[in-house]
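Chemist: Input: one structure, supplied below.
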């Protein structure tokens, strides 16, 4: 088979030995290649799952060979019906089981031998690890040498003509340090390394250089070298410029819906406010009509004349506000309108109107002050008067004390009660002085030194009931 040229092997799949020619594998083809079948497992035959037919001792086909392969080859597999028969029933069969017992005994002996060999191997490894490794082996054999000495006389060798000596190797102490220094000899050069087959080099184009250009790693957390990294380079690392910001259309819909809902809510609030104001005006007009009717009725009862109520078109709340806001004054002016009024009556009426106007302005001023104090968190005059003590009320002239004639309750100064100290609490200590000022502006120490120091006991004093003049 003709092998394609270099850079023209697209789609070429070398599978056979002839595809490689006389060379090795092709590095630009990324598949498993076995030139000259090197590295290929010849023993394994993929796709072959056929077992040979095997028979047992009685000539029957042993179907249990299927389950006795792979990891079950060294295991005991019970795959026959006789394997589930109890041992008691097997003993009753007698002669039929003799052969099976012999086979079982042989299997037991074989297993025993294998176990013994394995245990001896383990023990031998353990013992050899405990024994010294570099113990020299001594030759226990001795040699006998027979020779004739050079001096043959009665003075030497007891007059013997021959000698026999026994030559034995001298034992070596294993703990003796070495007598010679061992030097490492450099290893001789072996066979040259196997050459690696490479494709011929190709010229690198500009596009390949740009593709292989890897940007340096720029971290947003660490800069151990302390380099000054421009912002454009730092922002280019996370790819922000590569993404297009797209705003969903639902945001515009949501903002428009919120704007419409706000306008509707404002219109609803304005409508409710307008309706509430109209209802308040109607309620105010109704109350003014009732007050006007009550005032007219009281005036008619006092004068003894029946006056017809004026029509609603002639008397309005705005007219009353223009005339001063006091309905009694307006009604008196209408009742006193006849020309029979004298000069004295007219002057008295004007004085009374003036007093009523003053009282009205005073009440309005007090209401404004109370509203201002309430807005600023201050107490009103009524609340302040309620919280005042009886002494302050008397000093301000606003105390309402009872008297014996009226049967009112007698009021006391509350500061004189609920005192923690009394006669049972003892007096002050010797080194404690509250510096009471005595007569002539003298302190307690001066009066003590003069011998005029006296102790004054404080007890609740009952005030006399006071009456307001």
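Each residue, glycine too, has its Cβ placed from N, Cα and C.
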Chemist: With TrEMBL as the source, which of 60-90, 91-121, 122-152 is set down as coiled coil?
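Modeler: Among 60-90, 91-121, 122-152, the range TrEMBL annotates as coiled coil is 91-121.
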Chemist: In TrEMBL, which of 175-205, 206-236 is labelled region 'Disordered'?
Modeler: 175-205
Chemist: Which whole number is the mean pLDDT over the domain 'SKI-interacting protein SKIP SNW' (143-300)?
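Modeler: Mean pLDDT for the domain 'SKI-interacting protein SKIP SNW' (143-300): 88.
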